[in-house]
């Protein structure tokens, strides 16, 4: 019978050994034994390693919110444009591999840019065709057209005849002006009073050398301050009667009783009557010094009228440096109602200054009259010299 005790095999010289496998003693025959080094290597190759549990890596805290694994990223990765990396890390020679969705997005963006550019070009070209320049330039052009139309509608205002019946004007290089196209100064309108029109056509601007008439025009010019020439011209005869034909010798002798009666009878302000009496005394002083009132006044313009070339009444000034000079000298001598504006109006009325517009027929007529009178004054001198 077999016993539980191990007996050596017959014919074998290798004794049986006891080995421990996984902590248990196992009887192992000699034939199964291999050298320790080979056994160790074979166990390393054949026997599977026991699974070992490794500790899970701890996630670092981040400020950004967690991203769901099912959701894709919000946008495509950063692309290079023109060989430049937006972060400045890649050089212009490097190639950047972009995913298919990024390529698709970039192509869509390029198409949209091309469409926007094409629409902008079409819009700008339409603007260029319809109105040159910007919208502001088109608006300015429209306003200018409206203004021109308005000028055409109002061109005939203040004229005797309409714009359709307006006559042709000669060329600008021609020195002569057609008499048919000449018209009075613009302050003479169809509604002007006939007495004012007659004064313009016959007296205004004509050189005056008579002392009494100069005295009269000086007083009438001062009286029209605060009024108008038409009202003063209508009272002209009353002024002549009140002041004895503007004889300075007679007027200078008026006393206070006479002054009051003249003011009440003719409806002239008493301050104006006193001013006329004072000015008559000043004129007598000037006559004693210069020989006549005419020589005193015309000496300021070198005894020659001033000819102006105004094209519009808006260009005519209310006073000049010459009127200011005359006014200062007369005020110094004791004259009254002789401000610079009054003296300038007096110079226009008495012919010291020919302020008719160049389109007015009286401008040329008075200029010819001045030349004729100047030649008449020089002719006796030339005859005597011969």
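From the backbone N, Cα and C atoms, a Cβ is placed for every residue, glycine too.
Going by TrEMBL, these are the annotated features:
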| type | residues | note |
| --- | --- | --- |
| REGION | 1-79 | region 'Disordered' |
| COMPBIAS | 1-15 | compositional bias 'Polar residues' |
| COMPBIAS | 48-62 | compositional bias 'Low complexity' |
| BINDING | 185, 200, 356, 360 | Zn(2+) binding site |
Report, as a single number, how many Cβ atoms besides its own are within 10 Å of the Cβ of residue 356 (Zn(2+) binding site).
24
Residues sitting within 8 A of the centre of the 185, 200, 356, 360 CB atoms (Zn(2+) site), not counting those, run 184, 187, 188, 204, 205, 357, 361, 362, 363
Once the chains shown are all counted, how many other Cβ atoms turn up within 10 Å of the Cβ of residue 200 (Zn(2+) binding site)?
19
Packing count at residue 360 (Zn(2+) binding site) (other Cβ atoms within 10 Å of its Cβ):
21
